[in-house]
Each structure stands twice: as C-alpha cells, then as structure tokens.
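Engineer: This is the feature table in TrEMBL:
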type: TRANSMEM; residues: A:12-34; note: transmembrane segment
type: TRANSMEM; residues: A:41-60; note: transmembrane segment
type: TRANSMEM; residues: A:66-83; note: transmembrane segment
type: TRANSMEM; residues: A:95-115; note: transmembrane segment
type: TRANSMEM; residues: A:135-153; note: transmembrane segment
type: TRANSMEM; residues: A:178-206; note: transmembrane segment
type: TRANSMEM; residues: A:218-239; note: transmembrane segment
type: TRANSMEM; residues: A:251-273; note: transmembrane segment
C-alpha cells in the first residue's frame, strides 16, 4: 500500500487513474445503450478493425491516434450503412468486415520494419502511457455523449425499444442511429490506447450488464452502469498499482468480479426470499 | 345548430384516406390496389388470414415501409407533411416491447408517449390520469418485466392515451387481453371514441370483438375483398372469399 501511495505521486499514475475513471464513466454510459440495442458485437468489430488504423499510423510515421480516430469513425459508419443496405444478418456483415479489416491490419503490420514489439501494446493497451491529449479527447467525447443523449433521452429510449413506434412519433431514427455509432466508434478508438483491442469491449459490456442485473428502471440502470464503470476503473488501478498487475486487465478483472458478486447476491437473495 | 367541434377537424372529413395503395415486398405485391376512408370517431378493423398483408397495409399507411403506387393521406395531408399533427397519432404494434427484460418502469414507459402539445396536460398529471383510466395506478413503479400479459397491455394503452390523440392504430397489440380485462378494455376504447372522437383502426383476428365494437370492417387478402358494416361485411360468403375454403369462423378460446 505504501508503494501505491508513492506511485500516486507520479504524474503518469495520476493521468492513468484520471483516464481510467473517465473511460469507465464514458463506456458505462454508452454501454448502457449498447447492451439494449444489441450493439456489443458492433463495438467488438470496430475495436478489432482498429488494428488497421494503428498500423497506418505507424507506417505513415504519425501518432497512431490521428489515424485511428478517422479510421474507426469511417469504419463504423460504413458498417452501419452495409447493414442497412443488405438483407444479410448484421452479425454476418460484422464478421465479414471484421475479418477483412483484421487481414488488412495484419498485412500492414508485416510491412512495419524493425521493432514490432508495440504490437502487444495494441492488443492490451497501456493506460500508463496515456497523455493529456488522450485525456482531453476522452473528456470531450464524454461531454458530447452525455449532453446529446441526455437531452434526447426519451427519444433515445423509445428508439431503443421500438424503431417503428419512434418513427411514427417523429423521432429522427436514422439520424440518431448514425450519431450514436459515431460516438461509439470514437469512444472505442480512444479507449484502445488505454486498454487495447482485446479488452475494450469489456468496458462497454460488463458494467452495463451488471447494472441491468441490479435495476429494472431506466434511470437507475443508466446511473448504475456509469457508477460501476467508474468504480471498477478506480479499484482496478489500485489493484494494478499495489500488486504490480497490468492496468487494463486489472480493471477488467474488477468489472468481472463485480458482475459475479452481483449475480451471486441476486441468486442468494432470491433463495432467501423463497425460504 | 352548429355542433361544437372538439378540434379544428371537420367531422365529415376522413381522418385517413387510402386510394389505390399497392405495396411490393421484393417481387411480390403484398398489398394491391387498396382504397378506403376512415371517418372521425369511427372504429374500423382490418381482418384477414395470416400473410394477407394486414401489417404491411398498416406500415405503409404510416410510411414505415414505402409504397409502390397509390396515395395515403392522414388528416388530409401526406404523412411526411404532418409536422406536429404527427403527435395526434398513436401507434401500437404487436411487438412494441420486444424484450421484456428491458430495464424500464411502468411510469417511465408511459411517459415516453407524452409530448408537449397545446392540448396536453403537464407530464405528471397526464401520467397519473392515463394510469388511472386503465386501472394501473398501483403498477406505477413496477418494472415491465414483472407485469402479467393483461397488465402490460393496460400499461401500453396508457402509453397510447397519455396525450389526447385523434387517431389510434393498433396492430394486434392487444390480441391476448385477459378475459376479465377484455370488456373493460373495449369499453374504454369505445369511451375514447364517443367522448373524445378518437378514430380507431385495428388489425384483429377476433371476429367476435370486431362484430361487437367496430363500425367498419375491411376484409383484406392482398386486395380489399369487402368492406362495410360488420353485419354485411362478415357474411359467410365474404369470409369464404377472404379466408378461403379451409376457414371456420374463429372463436376466441379462453
């Protein structure tokens, strides 16, 4: 613990904790809609396709953040467009574009000369390496997401429940679907640097699912998802600092444990009520 | 004496005018050359066998799917030009609540139907009144996942009537209301129609209900086989033409 307090004194650790908590909040918030709109495989595909964006950055010798953001954005919109324009199931489309993008990503990576060691960083992320730009981007996305989605919350819930009814009531369904995918794709891109391609989806799926187990009303569900996201990040960073575990996986482990605990408690309470 | 109209709409001007409506689903004409009018304050039912295009017709009327030819006017305008009049339409499809585990309470759900209009009450007052009218005040804080089938349907009706509307379109939304709820349910719909001159259009399988509560029946089997008052439209000959020879009159089983 003493070690951890010393660690807290370092600016990189402070940035990492700030980034982790901000991402927990942002992903918990968007994740609550992702879970109900069955978009988790969508964010999974966007996350994996991001490899192309990162490899492009390395090959063009620019900061991968600036190739990653536009790439995931265009990829996300293109995928939604494909889903709308064909009568294939969306998981087939997602599998197709995910495989295609991964193939391109791996081939591009093979062109990278010399040191390829940071590939592990791409897969698992490095929250200790986030800089102020990353934190600024996360904050910007958080402000945009919260203000857009909360200002139109009733329309958002309605179009999540039933798109036809939303359309008859005058909700601009297509506009909101694409807007959400833009926010979601950018969030995935920003979070990848901290937690990596493989674990980014945990941030979107686990806190929201845990909140769904706990609450059967929308507002408590939304708040719960955000709170669980934030707490998991904070506790995860403490675990990571104290035990010297990798940070991203530590946060995901905390999210997973919270999910199991909530599940167990609900089962126990149900059994208790029966007795 | 000039009657006092409840709104700016003329009582004899059709709420919905459908003329020559044809809808293709791929290469297949799911609805062909259908024309009818709905007058204000009337209750109409679309009946027909499975796959006869009932839901397609409703979705085309609401512009949820494109139509190939013909025209639809609601309140005398094409639906794209309705503007705020859109809020005068209540629409309830069969699968409105697709996922019963959706985290939402009864009060939150009913509030979704509310919009700020000139005629609407405050959101809280409207919510209380809507829940009271369907006898669901006690369910206010419950999650929708905990409701019985009959309770859910009453709550969905509260969603429809949380703001005053001119037109309510039900696409088999209330197909399985529980037995004791059924009479209350239809008498509430009749009351809305009489007192607030709502116009009702519903897709139904229950010909007994249609006979008791509707002024107009539209028998659909891709094209309109017959239409008119239930006594004439539901004649054995018309039913045979609509449903085909294998049909025996459907009675609601409980």
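Glycine residues also receive a Cβ, built from the backbone N, Cα and C atoms like all the rest.
Note: TrEMBL annotation is automatic and uncurated.
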Engineer: Would you call the transmembrane segment (A:251-273) and the transmembrane segment (A:178-206) in contact, using three or more Cβ pairs under 8 Å, pairs 6 or more apart in sequence?
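Structural biologist: In this chain the transmembrane segment (A:251-273) contacts the transmembrane segment (A:178-206) - 3 or more Cβ pairs sit under 8 Å.
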Engineer: May I ask whether the transmembrane segment (A:95-115) has at least three C-beta pairs under 8 Å with the transmembrane segment (A:218-239), counting pairs 6 or more apart in sequence?
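Structural biologist: As far as Cβ distances go (cut-off 8 Å, pairs 6 or more apart), the transmembrane segment (A:218-239) and the transmembrane segment (A:95-115) do not touch.
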Engineer: Look over the recorded stretches A:66-83, A:95-115, A:135-153, A:178-206 and say which has the most C-beta pairs under 8 A to the transmembrane segment (A:41-60).
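Structural biologist: Against the transmembrane segment (A:41-60), the leading stretch is A:95-115.
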Engineer: Between A:12-34, A:95-115, A:178-206, who has the most Cβ pairs under 8 Å to the transmembrane segment (A:66-83)?
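Structural biologist: Between the candidates A:12-34, A:95-115, A:178-206, the best contact partner of the transmembrane segment (A:66-83) is A:178-206.
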Engineer: If we skip the immediate neighbours and take only residues 6+ beyond the ends of the transmembrane segment (A:178-206), which ones have a Cβ under 8 Å from one of its Cβ atoms?
Structural biologist: 16, 19-20, 23-24, 26-28, 30-31, 33-35, 37, 39-40, 42-44, 46-48, 50-51, 53-54, 64-65, 68-69, 71-73, 75-77, 79-80, 121-127, 129-130, 134, 137-138, 141, 144-145, 148-149, 229, 232, 247-249, 251-252, 255-256, 258-259
Engineer: Would you mind listing the long-range same-chain contacts of the transmembrane segment (A:135-153), meaning Cβ under 8 Å and 6+ residues beyond its ends?
Structural biologist: 15, 18-19, 22-23, 25-26, 29-30, 33, 65, 69, 176, 179-180, 183, 186-187, 190-191
